[in-house]
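Per TrEMBL, these features apply:
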DOMAIN    59-508  domain 'Major facilitator superfamily (MFS) profile'
TRANSMEM  143-160  transmembrane segment
TRANSMEM  167-183  transmembrane segment
TRANSMEM  225-248  transmembrane segment
TRANSMEM  254-272  transmembrane segment
TRANSMEM  366-388  transmembrane segment
TRANSMEM  395-414  transmembrane segment
TRANSMEM  420-444  transmembrane segment
TRANSMEM  456-477  transmembrane segment
TRANSMEM  483-503  transmembrane segment
REGION    526-569  region 'Disordered'
COMPBIAS  529-548  compositional bias 'Polar residues'
Amino acid sequence: MGFADLLDEVGGFGRFQMIHVTLLSIPGLLMASQNLLNNFTAGVPEHHCRIPNITAALNESTAALLRAFIPLDSSLTPSRCSRYTDAQWHLITDRPSHTNASDLQTEACAEGWTYDKTEFISSIVSEWDLVCTLRPLKQMSQTIYMGGVLTGAIIFGGLSDRFGRKGMLIWSYFQLAVLGTFTALSPSYVVYCVFRFLTGMSVSGVILNAVSLKVEWIPTKARTLVGTISSFFFTFGQMILAGVAYSLKDWRKIHVAVCLPFFAFFIYSWWYSESARWLVLNGRSEEALKHLHRVAKINGKPEMTEKITLEVLESHMGKTVCDGKVLNSALDNIRPFLETSRFLLFSTSFAYYGLAMDLQKFGVNIYLMQIIFGAVDFPAKLVALLMLSFLGRRITQGTCLLMSASVIFANIFVPKDMQITRTALAVLGKGFTSASFTCIYLFTGELYPTVIRQTGMGFVSTMARIGSMAAPAVLILDEILPALPSIVYGGSAVLAGLIAFLLPETLDIPLPDTIEDVEEKREKKIQSLKEQTQSESVALQDIKQSGGTCEESKSSGLHPLSETSAQLN
């Protein structure tokens with residue numbers, strides 16, 4: 001691949017690439033805040049029915065008075081959704097029991113609710129009373145946000161292949177900064193959801209274009225290391241989110257804190273260089289040459305500006321794709337990659353957000369839980385880096401998904417009173433799904449040629465967003481069967497893990513630029529397998545003619561069936 005040679009000539013992974021990757025990765029510190037924000041902005045504080053004219057006097061020192069107004073539920077805790085129609089003063093001195101209160105008349109919380117402000121000063125749940133009958137609206141807000149991320153993946157994926165990575169990334173920063181900040185001013189739940197949907201669209205634009213700009217400006221051998229290190233920004237961002245949320249505890253202030261910095265990202269993003277690969281493949285070779293000369297100067301290779309001319313650039317890039325009809329045929333040619341990648345991203349996202357989006361269920365302080373969930377990603381991604389570097393993308397992807405599924409299934413059989421064990425298994429499962437995410441985005445970016453890389457990633461990202469939208473909804477299934485959500489999450493991960501082994505390996509393989517590159521690789525692979533099969537068949541015939549046996553062929557190192565099968569996989 002000619003462009004890889006050009007990158008080496010202008011400095012390889014030099015000063016420009018270091019600055020470029022760093023600036024593109026810094027916004028990743030707040031990407032986790034956007035995706036996991038609902039854990040804190042939609043946190044459910046302890047609450048009970050408001051008691052008119054009396055609730056104000058019911059503070060921590062007089063909490064026992066609640067027994068006269070609020071019935072106990074099955075777990076002997078004050079009910080969140082009902083109250084006695086008349087005060088039952090005799091219950092204050094009685095021992096908590098359902099036998100002496102089961103016949104007392106109750107009613108719904110007609111006067112609203114009183115919320116404890118210890119864990120959350122304010123959340124959208126307490127702001128708009130999203131409890132009891134309105135409880136599904138809490139998860140609905142996250143589903144709507146993920147719907148925006150899905151829509152953004154579809155829209156920005158296509159627009160980036162048409163108008164360029166840099167322009168779409170700059171716009172995405174601006175959209176996220178403005179609409180994300182305006183979300184804090186939402187006067188109603190409906191307006192809040194609209195802003196979250198539009199913010200989700202911009203999040204997709206940031207992620208997709210940042211990944212492509214990184215991948216298309218770094219040498220082949222540096223892709224694994226850069227991809228993994230970049231993902232650590234997202235990991236560290238999860239811990240930053242816990243600190244921001246704990247220090248503010250107000251959903252409006254949290255929104256401002258995690259969205260306002262994108263104005264700074266928008267300002268410095270004009271420094272980025274557009275993908276030279278994309279420019280050449282879209283008939284803008286002169287612009288691509290200017291960017292390459294700029295990179296050479298920053299990398300301390302000014303002499304290369306004279307050596308790399310327009311003719312040299314185009315000869316290195318080889319074939320270009322100018323006809324829009326090629327795009328349609330291209331998508332048909334890589335359809336197997338497309339469909340497989342989509343399901344992998346769906347399952348990974350499905351399991352990841354199934355574990356990460358309901359931290360309150362673990363019974364541990366939610367802020368501490370967020371830090372733990374973030375911290376586990378560090379060792380998980382280090383392991384992923386080693387596996388990606390030595391075992392390859394395919395084995396890493398499949399193994400991480402299967403391991404996460406096994407942990408999810410194991411948690412089904414752990415009793416609920418063993419909370420520490422259940423939490424530890426959930427954290428371990430989250431680590432494996434996080435490692436899977438690290439691999440799949442790198443893997444996907446390497447599978448598709450430059451001319452349709454953004455479109456391909458946009459397509460597969462839609463399934464990731466569908467997975468993240470479906471994950472919160474599946475949690476509701478625990479009302480039917482407590483183990484059902486885990487069965488669904490784990491089953492999806494098992495299937496995806498097995499399918500991952502069907503994808504071609506991309507370790508140390510140069511990025512394909514055109515569809516012809518992809519087809520050429522496939523034809524070479526098929527041809528080499530045919531030649532190997534023929535040579536092994538001849539060898540077997542020679543052994544038979546000389547009176548040898550299959551056992552002798554094995555001892556001589558010839559394993560025709562096993563070797564061919566392994567390579568086809």
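Placement of Cβ uses the backbone N, Cα and C atoms for every residue, glycine included.
Contact check: the transmembrane segment (483-503) against the transmembrane segment (395-414) gives at least three Cβ pairs closer than 8 Å, residues 6 or more apart, which meets the contact criterion. On the 0 to 100 pLDDT scale, the domain 'Major facilitator superfamily (MFS) profile' (59-508) averages 78 in the predicted structure. The stretches the transmembrane segment (167-183) and the transmembrane segment (395-414) are not in mutual contact, being linked by fewer than three Cβ pairs under 8 Å (pairs 6 or more apart in sequence). Packing against the transmembrane segment (254-272) from elsewhere in the chain are residues 20, 23-24, 26-27, 30, 33-34, 37, 40-41, 166, 169-170, 173-174, 176-177, 180-181, 183-184, 199, 213, 241, 244-245, 248: each is 6 or more residues past its ends and has a CB under 8 Å from a CB in it.
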